[in-house]
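Visitor: Here you go, one structure.
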């Protein structure tokens, strides 16, 4: 069985498929239908412990616990709910680390924003997640749990998933792809409703489409690439790791992903007051991304207390959007959610660490 492992060698079942659980149950000396029962309790009912799965023989449940086998659920240590019902969870792992997950509701959908690592090594200057560096990557069950925890907290089934929380997904790509498989097959979330965001990892992005097809059978999730600048020089000022990934090479790799998958690429662009938000920046960005199927998603900067960046005023944001639109670039402006509850990536975790 291709299972995930908790720190210390304990085994977590969350992330395993129905077929894997059936095979594992048989190997445990149980009938195959016990695996199907486990699957239902893991994913449909969201069980947090073997004690809750009363359909399983008590002797087997006790044996699993004694051998250190777990469901793999995380512990909620903090919850913040904004006036618009955006919900941020701070979840604790078994080794005492904390990660953030956000549920963003609208009338029609519930989008959940997931973390892929504890902290982040990319050190983007405007992002709270990278301030403390990287502690470790998350296991598959720790990624999947975030969806279950938000479903439980918000009493609503998630419809869309974005890997835009803590961490760089492409630096934990095997666990991320395994989680996508689980979310798709075991939780019924279509790949087309899943987005993987990256600032660009030169040894992984060029082969992402092929790797996804090998692991998932197809590559239908959306790739979102965080540009945040219209040229290499400014991008390196904002994203230190960009020095290893030339702008044109990054765009070529995005074109390759489009060619292989047929899925348009989304370009994320965070607007920083008086730094990358002027009309000339919009014109240069339009020249860069025009010519292949893509979409630009503008994001107004969410202030971090100890940084000197500013959030642009609404008029500047609209002027930037209008320049792109006039030049034939598909563009949208992401609405900021949860500003009153530190729901920007990494902020609640930093606040918890400072007070706790």
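Easy rule for this one: first residue shown is 1, then count along the chain.
The backbone N, Cα and C atoms fix where each Cβ goes, and this holds for glycine too.
Feature table excerpt (Swiss-Prot):
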{"type": "ACT_SITE", "residues": "100", "note": "active site, proton acceptor"}
{"type": "ACT_SITE", "residues": "345", "note": "active site, S-methylcysteine intermediate"}
{"type": "BINDING", "residues": "120, 124, 127", "note": "[4Fe-4S] cluster binding site"}
{"type": "BINDING", "residues": "167, 168, 197, 226, 227, 228, 302", "note": "S-adenosyl-L-methionine binding site"}
{"type": "DISULFID", "residues": "113-345", "note": "disulfide bond"}
{"type": "DOMAIN", "residues": "106-340", "note": "domain 'Radical SAM core'"}
Visitor: Please tell me which one of the recorded positions listed here (113, 167, 168, 197, 226) sits closest to residue 120 ([4Fe-4S] cluster binding site), measuring Cα to Cα?
Guide: 167
Visitor: Count the Cβ atoms, other than its own, that fall within 10 Å of the Cβ of residue 197 (S-adenosyl-L-methionine binding site), considering every protein chain shown.
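Guide: That number is 21.
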Visitor: Compute the average pLDDT of the predicted model within the domain 'Radical SAM core' (106-340).
Guide: 95
Visitor: Could you tell me the maximum Cα-Cα distance in Å between the residues recorded as binding S-adenosyl-L-methionine, namely 167, 168, 197, 226, 227, 228, 302, rounded to a whole number?
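Guide: Maximum Cα-Cα distance: 19 Å.
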Visitor: Should residue 124 ([4Fe-4S] cluster binding site) be counted as helix, strand, or coil on the basis of DSSP?
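Guide: SS state of residue 124 ([4Fe-4S] cluster binding site) = coil.
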Visitor: Nearest to residue 227 (S-adenosyl-L-methionine binding site) in three-dimensional space, by Cα, is which of the recorded positions 100, 124, 127?
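Guide: Nearest candidate: 124.
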Visitor: Cα distance, residue 197 (S-adenosyl-L-methionine binding site) to residue 127 ([4Fe-4S] cluster binding site), nearest Å?
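Guide: About 14 Å separate the Cα atoms of these two residues.
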Visitor: Taking the Cβ of residue 120 ([4Fe-4S] cluster binding site) as the centre, how many other Cβ atoms fall within a 10 Å radius?
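Guide: Excluding its own Cβ, residue 120 ([4Fe-4S] cluster binding site) sees 26 Cβ atoms within 10 Å.
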Visitor: Which residues of the same chain, at least 6 positions away in sequence, have a Cβ lying under 8 Å from the Cβ of residue 124 ([4Fe-4S] cluster binding site)?
Guide: 130, 199, 226, 228, 238, 239, 240
Visitor: If you measure from the CA of residue 100 (active site, proton acceptor) out to 10 Å, which binding-site residues from the list 168, 197, 302 are inside that radius?
Guide: none
